[in-house]
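So that you can see what the record holds, here are the features copied from TrEMBL:
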| type | residues | note |
| --- | --- | --- |
| TRANSMEM | 36-57 | transmembrane segment |
| TRANSMEM | 107-125 | transmembrane segment |
| TRANSMEM | 146-166 | transmembrane segment |
| TRANSMEM | 172-192 | transmembrane segment |
Amino acid sequence: LLILDICEDNVPDPRDVKEKFHGSLVAALSVYGPHFLAYFGSFATVGLLWFAHHSLFLHIRKATQSMGLLNTLSLAFVGGLPLAYQQTSAFARQPHDELESVRVSCAIIFLASIFQFAIWTTALLHEGETLQPSARFGGQEHAFMFAKLALYPCASLLAFASTCFLSRFSTAIFHLMQIAVPFAFLLLRLLVRLGLALLCAMRGLAQPGTQAEEDAHAPLLPAAC
C-alpha cells in the first residue's frame, strides 16, 4: 500500500518534467527525495528488525509465556513503523509537526527493538532451558547477539535525544540514523570480533597474580580466547 501511495502522489507528471525541470527526470524526482528516503527507511528498518528477530529465535530452544508476550508487543510496534514514516515524510513543510513525527518514529523504533532485547534478557535468565549453547554466556554467538539486539535501541534513543537539542536538524538526524544503521549491521560482526580479540589480548597481558581472578570470569568470554 505504501508503494502504491508513493507511485500515485510522489511521481511527477511528464508535462511538469518538461516544463518545470527542462526535461530532467532526476531533477524532478529530487523534489520528492525526502518522501522516497522515508519509504526506503521504513522498509530497511522493518527488514533489519525482522532480521534481528529471526536471528534471535534461531538461538532459542524453547519460548516461555513471558517471551511470547514480549514478542507480541515487539511485532505490534514494528507494524506501526510504516505509518510513522509516512507521517514523517508528509510534514515536510510544517516543521513542528515534522519534529513530532520524527520523535514518534524514534519512539516506535525504540519500543519495537527494546522488546526484542527484553526477549533476549528473559531468555538469559533461564539460558539452560531456553537458549542454544552457542548463545549462552561464553558461547561464540553471545556477544554478537547482544550487540545486534542493542543496536537499534541505542541508535533510536540517541536520535531522539539529539532532536531535543538540535530540533532544526531533526529530519537530517533521523535520515542519518536510517542510513547509518544498515551499514552498522554490515560492520557489526567485524567490530564485535575486533572487540573480543582486544579483550583476549588484554587477558593475555594480565599479571600472573591476577590470573586466578581472570579465570573466574573466563566463562563470560568466547571459547576462542
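In case you wondered, yes, glycine gets a Cβ from its N, Cα and C as well.
Those TrEMBL annotations? Automatic predictions, nothing curated.
Most Cβ pairs within less than 8 Å of the transmembrane segment (36-57), among stretches 107-125, 146-166, 172-192, belong to 172-192. Through the fold, the transmembrane segment (172-192) approaches residues 34, 37, 40-41, 44-45, 48, 51, 88, 102, 105-106, 143-144, 147-148, 151-152, 155-156, 158-159, 162-163, 166 of its own chain, all at least 6 residues removed from its boundaries and within a Cβ separation under 8 Å.
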